[in-house]
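Single-structure report; data block below.
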């Protein structure tokens with residue numbers, strides 16, 4: 001395994017976030033969320049209409065109450081009518097409010113679905129370097145928890161503010177007509193509370209972002225432990241790992257407590273100005289009623305309007321707080337959505353490259369020319385790699401661990417961009433070719449022989465969803481894995497578990513082989529393809545590999561020289577450089593490092 005390879009998920013002290021801060025990170029704004037509301041205009045318009053109707057009915061209620069108290073007599077029979085009108089208004093307001101709530105909840109879910117589509121689409125198309133540097137658990141947290149929290153921008157954010165503004169203005173105008181002096185006193189009290197709460201909003205957003213980052217780190221810690229649970233149990237490290245996860249959970253707890261403190265400070269402020277406003281109105285209003293300068297019915301109506309005025313202010317301030325939390329979540333989602341996709345910039349690169357480059361050998365299928373490459377961490381993986389692979393031949397790359405062998409295959413797949421030199425495929429610089437076009441010609445078996453969660457059939461149909469069951473069974477039979485299917489009552493639908501945990505290492509490798517055989521790849525890239533199989537299975541796979549040429553070209557990374565001694569060409573890599581190439585017999589004479597490897601492995 002190359003020296004650059006490491007666990008993607010690492011656990012740092014609780015005081016340091018694992019999530020890297022991207023240079024493009026910026027504060028999320030409401031306009032960032034607007035595109036996800038597209039296609040839901042009718043539902044939003046209906047919600048606005050329902051909200052206006054509910055607000056209008058709420059505003060009418062105090063007028064009806066005022067007339068009921070002071071403007072009618074029993075002989076006229078009006079009180080009964082007014083009571084029925086009041087009941088109808090109350091029921092109507094409740095129905096419109098329910099309709100508004102449903103429409104906003106449904107629209108919020110639809111917007112979150114759109115957001116998740118964008119996020120998932122970008123998550124699966126990021127440059128490989130992003131997966132190398134980011135914690136997978138944190139990425140999962142962004143796709144799940146963070147995207148769900150953004151929903152409140154619709155359900156209790158933007159539209160709550162809009163409804164609150166309408167209610168506030170309408171109540172204000174009607175209160176002016178009742179008593180402007182009382183209104184001025186109310187506004188003075190309300191202003192102090194509102195300014196105080198708004199001043200806290202930014203702090204809530206910063207604290208909420210910290211909480212979500214900490215939760216992401218905790219998710220990464222849990223995933224780290226669960227993905228290696230067998231190793232942890234076997235090493236007797238369960239208690240230590242539990243403590244590590246608890247440390248990250250404690251960090252999330254501490255960040256959550258900080259948010260709780262801010263919210264605990266805000267709520268009393270809101271409560272204080274609400275109660276203060278009521279006390280001021282009742283005290284001053286009571287004095288004015290006693291002095292005859294204000295009618296009792298007007299005071300009652302004013303108090304009712306005061307409740308309508310305070311409600312939107314309280315609702316609006318709560319919405320501001322919720323929006324800060326949602327915008328913090330949106331910022332974490334945008335940190336991924338705004339990243340460049342793997343193909344970004346390819347067009348600019350290809351414009352500066354010739355359409356075709358003369359190859360060292362006219363029959364070369366793939367050629368490396370003085371390739372240099374360093375990982376984002378700064379690790380220099382390849383210093384000077386040059387070789388040619390002839391069509392229809394069987395080739396191998398050998399060398400000490402950490403020499404850069406697996407990196408060569410990764411660069412052939414264009415998982416990373418080289419720093420200098422060139423990689424040619426059929427005479428074309430692969431940077432001038434669409435990545436999908438390059439990869440469609442390559443069959444790649446990773447060193448870890450990764451399996452996706454699902455069934456055996458799911459794994460075999462990756463990239464080829466239309467393959468028949470008969471074709472799948474033929475590939476499994478070729479690699480000696482058909483017995484696994486026959487032993488299970490579920491056949492091809494047998495589940496392999498997360499990361500193929502229900503299969504042995506050798507079975508996962510053979511499953512990867514079968515998947516590659518089912519493709520139409522011209523060049524097979526195999527990274528330690530028999531490292532986990534027994535001698536009998538290895539012989540089956542070696543014979544299978546030999547049968548693939550000359551119809552296919554094969555390039556194998558191998559540690560065991562016995563598996564590649566019959567190759568048409570063996571390429572020796574040492575310290576990121578190609579130091580020799582030739583057949584087994586030729587290299588025994590010309591390459592000291594190869595000769596040492598052969599002697600150690602008894603194949604000299």
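Just so it is clear, glycine is given a Cβ too, placed from its N, Cα and C backbone atoms.
The transmembrane segment annotation in TrEMBL covers 33-60, 80-99, 157-176, 182-204, 269-290, 296-314. Taken from TrEMBL, the feature domain 'ABC transmembrane type-1' covers 47-324. Annotation comment: TrEMBL describes 366-600 as domain 'ABC transporter'.
Stretch with the most C-beta contacts under 8 angstroms to the transmembrane segment (269-290), considering only 33-60, 80-99, 157-176, 182-204, 296-314: 182-204.
Highlighted: of the candidate stretches 33-60, 157-176, 182-204, 157-176 has the greatest count of Cβ pairs under 8 Å to the transmembrane segment (296-314). Residues 46-47, 50-51, 53-54, 57-58, 60-61, 64-65, 67-68, 72 of the same chain lie 6+ residues outside the transmembrane segment (80-99) yet bring a C-beta within less than 8 angstroms of a C-beta in it. In the predicted model, the domain 'ABC transporter' (366-600) has a mean pLDDT of 89.
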